[in-house]
Amino acid sequence: MLTQFRVLGVKEKICILKGCQERRRDFAEFQTHHAKPCTVSMAGNAPSSVAPLKCSAGAQEELGTQKSVFDPHGVDPNLVRKMEYDALVWSSLHGLVVGDRASQTSGRLPGVGLVHAPISLLPMSFPESHWKQACEVAPIFNELVDRVSLDAKFLQEALSRTKKVDVFTSRLLDIHAKMIDMDKKEEIRLGLHRSDYMLDEQTNLLLQIELNTISSSFPGLSCLVSELHRSLLHQFKQHLGLDPERVPENNSVGQFAEALYKAWAEYNNPRSVVMVVVQPEERNISIRKTLAEIDAQGELLPDGTLVVDGEAIAVVYFRAGYAPTDYPSESEWSARLLIEQSCAIKCPSIAYHLAGTKKIQQELAKPNQLERFLENKDDIAKVRKCFAGLWSLDDSSIVKDAIERPGLYVMKPQREGGGNNIYGDDVRLALQRLEKEGMEEDAAYILMQRIFPTISPAILIREGVSHKDHVISELGVYAAYLRNKSKVIMNSQSGYLMRTKVSSSNEGGVAAGFAVLDSIYLNKGNGNINEKGETLHLYIISFNIDDVLDCVWKSA
């Protein structure tokens, strides 16, 4: 009996590989893989099916790993060593480096205690159609954030329950409320955003993980990784057979710098400066101040000008301020309030910051919410297409399903920076604890559909040591937005970030040590690529409990 037939490709050049490995799983695994999907209310959509976990972790690795004609694990070891050496030399010469946490002087003395950024040796295959989709929707998300930021009532009401149980979000909302009481208007608004996506293998949909409106990290390093990969593909083209032009050009740092410059110009004070707010012992080099230093050195002039250490500030870029640990004392909160009260251009303003929270992401995914902020039906459809399932914890049917099948969900707090999400059996335990305690702490979290991207082979390099592994990747698309009153000065996609991590890891932060920096190699279909640029597609046909697989590769 045919139980599953997944078609990922199209017509001709069929090659049937006989004698594929027989793969058996116990009956419990088989039931999990082929169980009837439950019907739940998908946020922002009509009732839809949320598929069960496809298989256990081990079986997922067997079935989920794409076998590409170009397999980096199959490259001659001598060639790999040569490419690794050249990649490290290139990184040193071109500034693809970060502060070395093992060095006591790193972050204190410029140019001292540096190490190459963690990287993938070669770019990751990615469908060109999904790349174009992510680029196309970036300016729409910019406009959405801007319009949400102007609806103070929506932000306060949507986060009202969260405020009661999350001290950090509560303090941000308090600053926002003070700006409302002051009738403070941000006439010049600057957003440097990054929308993160994963490509779901089962549905072939590009689904949004989150939208970052504060401290959208790695624009400086991500463009260098793209350059590195283009350089390696060009240098070793004879051996690899890959076209360096299929790695998209990435000028994220240039476009972010352009946006900051244009914002500075709109401020219209040639003696003013751009200030970067950083964490103590920041290992990214810039002209910067910590929040504590701003509190000690900053003042607000009667006309609203922010002066810090004798300098008039035109633009404040927050590289810090997104996590509770950035506010260890009242001094930091005083500095944040001082900045918000000033006429300096904030990136982000407190309203933009709140618009990027997980709870607002979940609220916008509800039916008819996008229509509140966007008029164009095509734009609404494009944004909604990116939404994964998102739910609040006051939805009892979803909570019940998440307890029964925790592997299908991710539990997210209102936090940025990586390492905060809850996965697997921990989802069940956390939800059961909240139910038992009967407190409103559930308002501090949202539930999100877990996305299962394709597993691929890769070679990862960290601190000069490489290793082969099977990985999954997350695409982040940068976007810049600048507006002065009714005039939109800049609204564009502004480069990208690809992060790759081992498939067994849940979290994905590079700085947090979970992932490496990567780039993308565009293919013209939904599968892998061979040395001729042809796209390979996998058909999986599974029969009865013996799970005999016929694997059919197609080249289109």
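Cβ atoms here come from the backbone N, Cα and C positions, even for glycine.
Predicted automatically and left uncurated, TrEMBL annotations should be read as such.
Lifted from TrEMBL, the feature list:
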type    : residues                                             : note
BINDING : R194, 214-217, 249-251, Q255, 319-322, R499, 510-511 : substrate binding site
BINDING : E210, N212, E416                                     : Mg(2+) binding site
BINDING : E210, K358, 412-421, Y423, 448-451, E474, K501, E507 : ATP binding site
DOMAIN  : 286-355                                              : domain 'Glutathione synthase substrate-binding'
**OP:** Using C-alpha positions only, work out which of the binding-site residues N212, P413, E416, R450, K501 is nearest to Y322 (substrate binding site).
**Re:** E416
Original post:
Restricting the comparison to the binding-site residues P413, E416, Y423, R450, K501, which residue's C-alpha is spatially nearest the C-alpha of S215 (substrate binding site)?
Top reply: E416
Subject >> Largest tally of Cβ atoms lying within 10 Å of a Cβ, found at which of the binding-site residues Y322, Y423 >> reply: Y322
Subject >> Confidence summary for the domain 'Glutathione synthase substrate-binding' (286-355), mean pLDDT rounded >> reply: 95
Original post:
For E416 (Mg(2+) binding site), which of these binding-site residues sit within 10 Å, Cα to Cα: R194, S217, N250, Q255, Y423, K501?
Top reply: none
Subject >> Protein Cβ atoms within 10 Å of A320 (substrate binding site), excluding its own >> reply: 21
Original post:
Could you give the number of helix, strand and coil residues in the domain 'Glutathione synthase substrate-binding' (286-355) as assigned by DSSP?
Top reply: 28 helix, 20 strand, 22 coil
Original post:
Which are the residues of the chain, E210, N212, E416 excluded, whose CB is within 8 A of where the CB atoms of the Mg(2+) site average out, their centroid?
Top reply: R194, D196, L211, T213, I214, S216, Y322, G356
**OP:** To the nearest whole angstrom, state the Cα distance for the pair Q255 (substrate binding site) and R450 (ATP binding site).
**Re:** 32
Original post:
Going by C-alpha positions, which of the binding-site residues (P413, Y423, R450, K501) is nearest S217 (substrate binding site)?
Top reply: K501
Original post:
Taking the Cβ of K501 (ATP binding site) as the centre, how many other Cβ atoms fall within a 10 Å radius?
Top reply: 24
**OP:** Using C-alpha positions only, work out which of the binding-site residues E210, N250, A320 is nearest to R450 (ATP binding site).
**Re:** E210
Original post:
Other than its own, how many Cβ atoms are within 10 Å of the Cβ belonging to E210 (Mg(2+) binding site)?
Top reply: 18
